[in-house]
Amino acid sequence: MGRFSAWLVLLIVACSSYGLAEEGEDQTGHYTNTWAVEIHGGPDVADLLALDHDFVNLGQIGNLEDHYLFRHKDVPHRSRREAHHHTKRLGDDKRIQWVAQQVGRDRSKRGPIPQQPRQSDNPAPLTFIDPYWDKQWYLHDTRTSTNLPKLDLHVLPVWRKGITGKGVVVAVLDDGIEKDHPDLKDNYDPDASYDFNDNDDDPQPRYEETNENKHGTRCAGEIAMAANNSQCGVGIAFNARIGGVRMLDGVVTDAVEANSIGFNIQHVDIYSASWGPNDDGKTVEGPEKLARAAFEKGIREGRGGRGSIFAWASGNGGSNGDNCDCDGYTSSIYTVSISSASQQGRSPWYGEKCASTLATAYSSGEYKDQKISSTDLHHACTDSHTGTSAAAPLAAGVLALALEANPDLTWRDVQHLIVWTSEYDPLSSNPGWFQNGAGLWVNSRFGFGLLNAEAMVDMALTWKTVPEKTICEVRLENFQPRTLGNGEEINIEMETDGCQGDSHVGALEHVQVKTTIDYTRRGDLRIVLTSPSGTQTTLLDTRRQDKSQMGFQDWPFMSTHTWGENPQGKWTLTIEDKSDHAENNGVVEDVVLILHGTPEQPAYQSGGRVYTDYNRVQDDRNVDKFAAKPAPASAAETAPAPESEDRVPISEPVDSADSVKIAKTPAKETEFLVNWQDRLAGDGSEFNPENSDPFQPAEPEADTFMDGGDLRPWEAFKYLHRQMKSPTRPRHPAQAYYKPSPLYIRDPSLDIRDPSLDIRDPWPSQNALGESEADLVNYYLQLLGYDP
Ligand SMILES: *[C@@H]1O[C@H](CO)[C@@H](O)[C@H](O)[C@H]1NC(C)=O
Ligand SMILES: [Ca+2]
Ligand SMILES: [Ca+2]
Ligand SMILES: [Ca+2]
C-alpha cells in the first residue's frame, strides 16, 4: 500500500472517531454511552460542564491531565449508532476543547491500562496432547463458528505470556485429594495438605463403593492438572502447587473448619472451598467463632501479611429456592464468592442469587451443555464435574495466575481486580443486570460477571496496592425496635457523611447490614438496601421453604453491589413481608450499617470502568480452526421420528437382554426425552400442582426466568423412570435412591446413594432435575437408540 492510501485510511478512521461521519454504522465496534472530553481548568470545571450538559463526570482518564470521561445515562451502554446530537452539543460548547464518543473497539486491553502491542493477530495455537484437553471448552474456545459467542475464561493469552501459576500454592478444602494421581502427583504439595478428619498428614481420600469422596480430587485437578503429559487434562494454573485439606469426610465442626481455613497460612496462598451450609432453602448459617477468627487471621497475617485468598462456591440451592445471602461463608467479606454460568452463558438451574457474589466462572448447565473436566478417583479422569463446586476451583486457578503475575497483591487487591475485570458482556442476555452508581454492571446471579483471566493478569502486572482499608459504622441514635406484620413494609433511613475523620470511607468496597429480626416465618421476609446513589440491592429474598421462627440474630447481610460508590448521603433499608400468611408478625430489633472501603477513590477507578464487547475485543482464537469442522448435529436432528403416535406400553419386552433398543415409544415420552434439556431450565416456579399430567405445560409466569421451562420435570421424569425400568434392560447405576446430601458437598451428582433402592422424589417441591437425572435420561436415550 502506498503512502497516499495509508493516509486515506487514517483520515477516515479519524473522522469516524470524532463522530462526524455521516452514518454511524461501525463494522468493527460499537458506540458506548461514554465520551472522552478535554477541558481545561481542573476537575471542578469538568464537573460543572458535565452537569450543564446532563452528563456524569466519571473522572480523569488515567494519567492524562485535562481529559475526562463523561457518561450519559439516557444512552445505551452499547449501540451500533452514534449519538451525534450529544457529541455535537458538547463540541459546540467553547469551554470544551475536544470530544469523542467512545467506541468499543478491537483492542485487547481495557480502561486505564496502557495498551501493549499484540503479539500477533493470529497467535500460534497452543495445543496439548492431554486426552481431555479438547473437552476443556472453558479454557480454550471450542466453538465451531465465529458467529457463536466466545466461550472461555480467556486463559490462553495468559499462558502465552508464560504465566502458569509458578510459585503459587493452592489448597483445596474438601474430602481429600488423590495425591498419587498421575496428573496431580508432580504438582502435589505435602506442605499444603493435611487430614483434619483423621488428624494425620495424609489427605488421601477414603475409598468406598459409591466414590463419594471424589469431590476434592476433582476440584484439585481443575486447578493444577499437569500440562502436556498425556494424562487427563490441563489445569488452569498447571505449574501451581496443589494440596488437599481433608475435612469434609467426617463431623465438620467449627474447629475443623477453623483448622482448615487457617492451615499453614504462610505457605498456602489460595484456599478453594466448594462447600457451605445445607442448600435446602431453609438454613441460615455462617462461620462460628473459631472459623471467623481463622478467616480474620488469614486475611491479616497470611501470605506475609498480604492476606490469604479464599475462593468460595456460592451454592447449588437454586432449585430449592435457596439464597446465598443466608450462607455466611459466601457472604463473608473475606471470601471471593463465585457463581456459575452454563456453556450457553446462562444462569444454571442450581444457581443461587445474592448480593455478595463477586464473579462467575463457567460450569455445568443443562443436559446438552458440556461440563468440567478433571482428575477423578482411582487415577481416572472425568468430564462431568458440575455445579458451583466446579466453578470456584476455576476461579482459584485464575487467581493463581494473577498472583504469579503480581505476588504483592493483597486480599483486597484481588477483589478489586475481580470487580474491575469481570465481564458483563458474555452474560448480558440474562435478566437482573443493572449499573451501580460507580458505573459497574452487577447482577445478583453473577456478581460483576464472568472472570477474564487475561484482563485480570494484565491489570495485576502494573497494579498499585489500594489504599488502607477504613470501616465506617452507621448506627441510628435512639433506634426504637420496629414492628412488622404481614403485608407491611418498614423503611429505616440512615444518613451518613461516610465518617469524616480517621475512619472516613469515600469509596466503597463491601457493605454490611447487621440486623436482629424476630419473626414468625423467616422465609417470608424480603430486605432491600438502597444506597445514596440509588442502587437497590436485594439483601434477602423470600425463601418459600424457610418456615423458621428463629429470625436473624445479629446476621451480617453483605453486598458488593455498591462497590466504587461514594457512601455519603441517605441509605434506606426496606424490610417487607408480602406473603399470604396473614398471621405473620415480628420485630426489627436492631440495625447497623457497616461501610467498608477507602478514604479516597483508588487510583485505578479514576477513568471509570470502560466496558467493551467481549466477543470482539477478546478474540484470541486461531481462526483457522473454524474452517474445517462442521457443526455437530443435535440429538433432535439426528433422532429418527417415533414410529407411531400410538401409546405402546414401554414395558413391552425387548428383543433380547443384550439389545438396548426398544421398538416403540409413546410419542409424548419420546419428545420429552429428546427435548427435555430445552424445556426444563426453569427455576421451579412454574410448577403447577393443579396439573396432573406431567407432560402438560403449566401456565408460565410472565416475569419468571425460564429457558422455556414449561414442564413439571420431576413428575415427568418419575413417570418415565417407572416406564423405563424394565427387568429385561440392563440396570444403570444411577437408577438409585436420591436423597439430598446431608453433607455439605456442593455437587448434585453426589446425591446418588444406595443403588438397590428405588427412586424417590427427594425434593417434592423441586422441579428442576439434577445431574444424576441427566445421566439417567442420557441412558434412556441410548435405550431408545438415540446418540445423545
Ligand atoms: C505438547 O506436546 C506436543 C508433542 O510433544 C507438542 O507438539 C506441543 O507443542 C506441546 N504443547 C505445548 C503447549 O507445549
Ligand atoms: Ca489420612
Ligand atoms: Ca494432564
Ligand atoms: Ca446456599
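A Cβ is built for glycine as well, from the same backbone N, Cα and C atoms used for every other residue.
Residues or ranges marked as signal peptide in TrEMBL: 1-21.
If you look up TrEMBL, you'll see 102-126 (among others) marked as region 'Disordered'.
Other Cβ atoms within 10 Å of the Cβ of Asp174 (active site, charge relay system) number 31 in total over all chains. Annotation comment: TrEMBL describes Asp174 (among others) as active site, charge relay system.
As annotated by TrEMBL, region 'Disordered' applies to 179-214 (among others).
DSSP assignment over the compositional bias 'Basic and acidic residues' (179-188) gives 0 helix, 1 strand, 9 coil. Annotated compositional bias 'Basic and acidic residues' per TrEMBL: 179-188 (among others), in sequence order.
According to TrEMBL, the compositional bias 'Basic and acidic residues' annotation covers 203-214 (among others). Counting residues per DSSP class in helix, strand and coil order gives 3 helix, 0 strand, 9 coil for the compositional bias 'Basic and acidic residues' (203-214).
Among the features that TrEMBL reports, active site, charge relay system is placed at His215 (among others). DSSP assigns His215 (active site, charge relay system) to a helix in the three-state reduction.
Cβ neighbour count for Ser389 (active site, charge relay system): 31 (other Cβ atoms within 10 Å of its Cβ, all protein chains included). Under the DSSP three-state reduction, Ser389 (active site, charge relay system) is assigned to helix. Summarising the annotation, TrEMBL assigns active site, charge relay system to Ser389 (among others).
Here TrEMBL flags 465-601 as domain 'P/Homo B'.
The annotation region 'Disordered' is assigned in TrEMBL to 628-653 (among others).
Annotation source TrEMBL lists compositional bias 'Low complexity' at 628-642.
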> What average pLDDT does the predicted model assign to the domain 'P/Homo B' (465-601)?
Replying inline: 97
> In the domain 'P/Homo B' (465-601), how many residues does DSSP assign to helix, to strand and to coil?
Replying inline: 3 helix, 73 strand, 61 coil
>> Whole-number answer please: how many Å between the C-alpha atoms of Asp174 (active site, charge relay system) and Ser389 (active site, charge relay system)?
In response: 10
